[in-house]
Structure formats: C-alpha cells, structure tokens
C-alpha cells in the first residue's frame, strides 16, 4: 500500500498500512430522472494497488421484516416502541465486476464502509471523514493494530447442552430452491448502550452493519436473516447480565420466553453486551435449540472495534442455535480463510461455513 508505515485512526481502530482511494459513483439513470439517495443498485469505481475496481452493489432488501420495530425505555421504565420506515436504508451486498468469486458487504450511509473480496484477498474500506469527503481508506485486517493479542473463543464445549447436533453446516442445505427465513431480535444491553454513550443512531448503524455481514454468509446456506426488532435497554438491564456467559445466557433465555416472545414475532434472539465475559469467552449459545422458547438465544460480547469480527461471532452463535457444532481440524473455506465455526477467533479473515462455498 502507498501509505505503508504510516498509521491512521479509523472507526475500526489504528490502521498501519492503508491506501487512500476516491470511489466514483457511476450512475446509469436516464437524463432528467430523479435520483434516490440510496438506489436499489449502485456502482462505484476506484483503484486498489493501481488496479481498477468496479464495485457493484445491490440493496439488501431482505434486511428488515415488514413490521420491524425499535424499542427503548423511558426513565420511569415505560417501554417505547416505534416502527421506523426502513425501506430507504443504506445497506448493500454485491461483488466486483469481472471477478466471479468476489463478494462485498457495504454500508453506504456515510461514505462506504464494509469489506469486499477481490482475487481471493479481503479488503476493508472506510471513509476518512475529512473535509475531502470522497477520500476513503482501503486496508487489510492484518494491518489493524490488535487491541488484545489473546485468542478469543466461543464458550460452547463438547459437553455443553445440546439436543441432536448437525455436524456440519453443509447438512443444513436441502436444495438451492428451498429458501428459508429466520427472523431475529437483537437486544442491546445497558452496558453496550452506555459504551456508545447512549447514541442510538450509532448503535443502530453498528448492529445493522453486522446483520448485513451475517446475511451475506448465511446466503450460502440459503437462509435469509431478517431483523424483526432492535431493543435497547436504555435505562437498565432487564436481566442480570453477569461476567458468566452461561448465567447470562440462561437469564436471557428465561426473559425471552416470559416476555419478548409474547410481544414480537421472531425465531431467535441475540443479546449484545459490552460486559467482558470470564476467560477468553466472547459468545455462547444453546446448540440445536431454534424451536425452544427458552433456548433459541445467544449472548455475544461486543469485543472488537472491527465490526466484521463481532458480526462473525454473532453468526457463529446463531449457527449453534441451528444445530451446527464447531469445525474440527482442517476447514475448507478457501485459501486464507478461517471458517465461521472455528472455536477460536484469530487474526485471519473469517467468512464462510465449512463446505458451504
């Protein structure tokens, strides 16, 4: 990269090697047509390592349910529910033109933010937010300064509660014509609400970007991940959130069965927390539990400033709920990739399920 050895602070953290690019939006609208802020399809051109890149994006229209709701709480404890218009959202997935194996997951809300794969390499892109608003940084994850070098792990072990496990994600694939849908509720606990200084717009953007990333990975299993609701515990936690992931998961499952399931139609609920779980654990979920009111849940620690890493942890715990166990030994997710169901989150880019691509 041209800026090797120089560092810059981005939302994703301190990046040491990066390239400044200027994405140019290519419009295909006929002359005189009214341009929407976030069109159904968009195309951007820029250069990476001196080579031209054409990024083709399509709006992720299946991101939200038709009756999507957002919930927060007033200081006196009243639940406040809104149904915002989300059709005009700014979350996209796509590919690089003339690269059949390429993928992209991009937020276009404030410049471009997300990641794309080209010629087997994954790059992240993020707006520099300078007075020159078109300037973006392109970088690899390996060039993000690590906050903590310790390995982070899923808390599911061989003796963790399970019904009938599906050994590999590939066993979930019935046929390419059989599309399935999973409606999920994301609950943001009070520690995470406080971490983002009560900025609900920032929290929503963080969560939506994660779900957009997850939906790309689950697409290869012919499962659409749809957000039914986002609930923020803005005043206080509605359960006892502990450093024990197991205790927190149990409490969250009981709360879902007693409360959440009776007011929001959904298949699965995930708790996002800024609480630092004991040991290396960053997530936990019941295995093969999708149809159980108390057990179709997971808990995920907001453990990184790199959205992609938290998103993959979330995708991992949802897969446990579906009945998928950890991958053992070697994993065929392509050169340079660790599979989503690896029990350890490390410094490699994590993208696919075993044998799903």
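We number each residue from 1, going along the chain as drawn.
Note: Cβ is positioned from N, Cα and C throughout, glycine not excepted.
Here's what Swiss-Prot has on this protein:
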- 317: active site (ACT_SITE)
- 316, 320, 326: Zn(2+) binding site (BINDING)
- 333-339: disulfide bond (DISULFID)
- 180-357: domain 'Peptidase M12B' (DOMAIN)
- 1-6: signal peptide (SIGNAL)
(request) For residue 316 (Zn(2+) binding site) and residue 339 (disulfide bond), determine the Cα separation and express it in whole Å. (result) 10
(request) Restricting attention to the domain 'Peptidase M12B' (180-357), give the mean pLDDT. (result) 89
(message) Other residues near the Zn(2+) site, CB within 8 A of the CB centroid of 316, 320, 326?
(response) 154, 156, 283, 285, 287, 317, 319, 324, 325, 340, 341, 343
(request) Would you mind pulling the DSSP three-state label for residue 317 (active site)? (result) helix
(request) Any same-chain residues 6+ apart from residue 317 (active site) with CB under 8 Å of its CB? Would you list them in sequence order, or say none? (result) 154, 270, 283, 284, 285, 298, 299, 300
(message) Using a Cβ cut-off under 8 Å and a sequence separation of 6 or more, which residues in the same chain sit near residue 320 (Zn(2+) binding site)?
(response) 154, 156, 285, 286, 287, 298
(request) If we count other C-beta atoms within 10 Å, could you say which of the binding-site residues 316, 326 has the fewest? (result) 326
(message) Between residue 339 (disulfide bond) and residue 326 (Zn(2+) binding site), how many Å separate their Cα atoms?
(response) 9
